[in-house]
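Below: the structure, in C-alpha cells.
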Amino acid sequence: MSQITPDVVAAHGLSEEEYQRVLHALGREPNLVELGIFSVMWSEHCSYKSSRIHLKKLPTSAPWVICGPGENAGVIDIGDGQAAIFKMESHNHPSYIEPYQGAATGVGGILRDVFTMGARPVANMNALRFGRPDHPKMKHLVQGVVAGIGGYGNCVGVPTVGGETNFHKAYDGNILVNAMTVGVADTDKIFYSAATGLGNPIVYVGSKTGRDGIHGATMASADFDEKSDEKRPTVQVGDPFTEKLLIEACLELMATDAIVAIQDMGAAGLTSSSVEMATNGKAGIILDMDKVPCREEGMTPYEMMLSESQERMLMVLKPGKEAMAEAIFRKWELDFAVIGEVTDTGHMVLKFQGETVCDIPLGPLAEDAPLYDRPALSLADYKAWANVAPLGTVPESTDLGADLVKLIGCPDLANRRWIFEQYDSQVGADTLQKSGGDAAVVRIHGTSKALAISTDCTPRYCYADPYEGGKQAVAETWRNICAVGARPLAITNCLNFANPQRPEIMAQIVQALNGMGDACRALDYPIVSGNVSLYNESKATGGGSAILPTPAIGGVGLMLDHEVMTTVAFKDEGDAIWLVGGEGTHLGQSLYLREIHGREDGDAPSVDLAVERRNGEQVREWIAAGRLSAVHDISDGGLLVALTEMALAGNKGCTLDIALTTAAAFGEDQSRYVVTTRAGEVLEGATRLGTVGGSQVAGVELAALREANEAFFRDWMEG
C-alpha cells in the first residue's frame, strides 16, 4: 500500500493540483524523500510561485550592478576593484515561535548569503515590526528578538549599525524580523553558485546536520494558527562562534583557486543548496547520504535533505583540491566531507545504504516549478475593500508643544537606546554613524570611502495605498542615504505580505511592486537582491489576521570621501535652519493623526519622484560643497519631530521665525529635508525656518522632550 496518502500530501503543503504535477514530472508516484523535496522546493519561500511573475517587472540593472537577483546576494561595483555585496531576508515565523533563536538564525542566514559570495561582512541592519506593546506576549517577543540579533551579531564580530522598529496591532500575532547584511569583496574574487565540471567533487562543510529546522521553509509558507507554538522544534538553533569559524575558513579557501561554486544551506537546507547549484550550472548532481556528517543517530535521507541546521555550506571544488580544502576546514575545527559529484544527467540522485532513494529531474524542482498569476483586485477595487475613512477635518492643535511631547514619546518615535545598546555597533572600528541618524555609515577599511545603509518602510501608507507605499519605501531609503552625503546605488528588499490567495492581498503585492519599480526607475536605483515572505497572518490572536503590507527596503549608497559625511545633530549656536521641499500640508495617515487623534484615516502622502530626485541631488551637492552643518530627512511625525530629533542629538534648541499650523508642524509630505548652514549663508530654493540656539523646541524645554523620548522603552522594560 502506498505511503503517499492525500493526508501526507496535504501535510507537505502541496495542493492536489500540485501533486498531479509531481506525478507527471516523475512519471510515477514519489517516495517520501521525493515528496519532501518537491514540498520544500515548491514552497513560496523557495519557489516564489505567487510573486515571481511580478518580480520580473522590477528594474535590476545599471552600469554599476555586477550581479542582480538570482544569486545568494546582490553585487555592486564601488570602484577601486571593490564590490559591495548585500541582501535582506526574513525570519518572521520562527521569531514569533522562538524569538531568540528565530532572530539569531535570521542574522546567521543572511551573513552566510553574503560571505558565500566572497565578501567579508562589514555591517548588519534590521527591520522589526511588533504588535501592541500592551499585548501580553509582546514584551517577551521584543526582548527575545533584540537579544537574539545582538547575541549572534556580537559573537560573530559583525557590527549591527542600525535599522527600524515599529509597533502596530496588525503584528500582534505575526511579528516581522527582517535582517540585512552588507559585505565588501574584491571584484575579481566574487563566487557564484553554478555547479559545473563533470565529476567535480561536491563538498559539505561547517556544522553537522541535526533534526532542527525540518520543514522550516514550509512553515515559512503557511498561515499561523493556535498550534504554531507546537512547531518550536522546527526553529533552527544557531551557533555564532561556529559561524565565525565558517566565515574565516571560507574566506581562507576563497583566497586559493580551489572553489568552482559555493552555496549556503539556508531554507530547505541540503535540498535547496544542491538543487540551486545544479540548476544554475545546467548540470546534474549525485549525493551519497551515508557521507553527510550527522549530529544525531539514525537520521534518514528525508531528515538529512530537509534539515535546516545552521552554519553549513555546500561547495564544488576543482579535482585534486580536496586535501588542501579539508586541511583548512579541519584547522578551523569544522566538518568537511566529500558527499557527491557533479553529473550531466540533469537529475538529482540520492544514494543511501546502497540504494537509490531519490531520482528527480531538476527542471520541475526549479525552473519549471509552479508559477501562479493569482487574481488581484485593481487599485480602485482594493481601496474600496480597504475602506480607509476619508481624512475629513482635523482640528487645529491648541498646543503644538504638548502634542509634540506626546508624539516624540510614542512607541514608533521613542528613543531606541534600549535596543541598540544591546548591539555591538563598533566592532571592527569602521562604524562612522550608527542608530539614530538617517543612515548608518561604515568606512571601507583602509580607504577614504564609506557605505551608507538605510532600511525603510511605512506600512500604514502601504495599507491605505500600496502603490504609493511601495514608492515611498524606496524613496525614503534614497532620501536617508542622500541625507548623510552618499550617492544611493541600489536596494535589496524583503516583501512581507499575508495570504496571496486572497485577491485583496495579491493587490497589495502587485501594487507595491509597481510603486517600487517606478521609484527605482525614476531614481536610477536598481533592485539587486531580495526575499518574499507570504502568509504573514495569524488565526491565533485577537489582534487581527493579516499584517499590514510591509515591503521593507534596504538601500546602499557610496561616499567617496567620508570626511564630508553629515549627521542630524544641530552643531553651533546661531546656525541657520532651512527647509528643503516646501511646507507640510498632508495629515492623512500621519503619525500625528494616529497618536493624537486615534485615527488611521485619509490617503497616504504621494511621492513626486522627479521632486524626490531633484531635492536629494541638491542636498548632496550642498553637502559635497561643505555648505551644510546638519541634515535630517522629514518622515514620521513631520517637521517638528525632525527638528526635535536634531535638537536632542546636538543638545541645542532652536527658535523658529515662522508660525506653524498643525499640518505644517506634523504633516508628512514627502521629499523634504531640514538642513542647517552657518549664519549668513543663503540656500537658493530653500525656506528659512529659524536659528539654532537656546534650550527649547516649540516652547518645550529639551529636558522635557528628552525625558518623553526616553521614557517608553525604559519604563516598559523595567515595568
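Every residue gets a Cβ built from N, Cα and C, even glycine.
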Residue from Arg112, Arg330 that Swiss-Prot also lists as binding substrate with Ser90, His91, Asn92, His93, Gln236, Glu308, Ser309, Gln310, Ser533: Arg112
Residue among Asn31, Asn493, Asn496, Asn499 sharing the ATP site, where Swiss-Prot lists Tyr48, Lys87, Gly530 as binders: Asn493
Minimum Cα separation from Gln310 (substrate binding site), reported as the residue among binding-site residues Asp113, Asn493, Gly530 that achieves it: Asp113
Largest separation between Cα atoms (Å) of residues that the record links to ATP, namely Tyr48, Lys87, Asn493, Gly530: 16
Largest separation between Cα atoms (Å) of residues that the record links to substrate, namely Ser90, His91, Asn92, His93, Arg112, Gln236, Glu308, Ser309, Gln310, Ser533: 20
Candidate with sparsest Cβ neighbourhood (10 Å radius) among Asn92, Asn493, the listed binding-site residues: Asn92
Distance check against His45 (active site) for the binding-site residues Asn92, Arg112, Gly530, Asn531, keeping those with Cα within 10 Å: Asn531
Rounded distance in angstrom between the Cα atoms of His91 (active site, proton acceptor) and Tyr48 (ATP binding site): 16
Spatial neighbours of Tyr48 (ATP binding site) among the binding-site residues Ser90, Asp264, Glu308 [C-alpha, 10 Å]: none
Nearest recorded site to Asp113 (Mg(2+) 2 binding site) by CA-CA distance, among binding-site residues Lys87, Ser90, Gly530: Lys87
Secondary-structure category, per DSSP, in which Asp113 (Mg(2+) 2 binding site) falls: helix
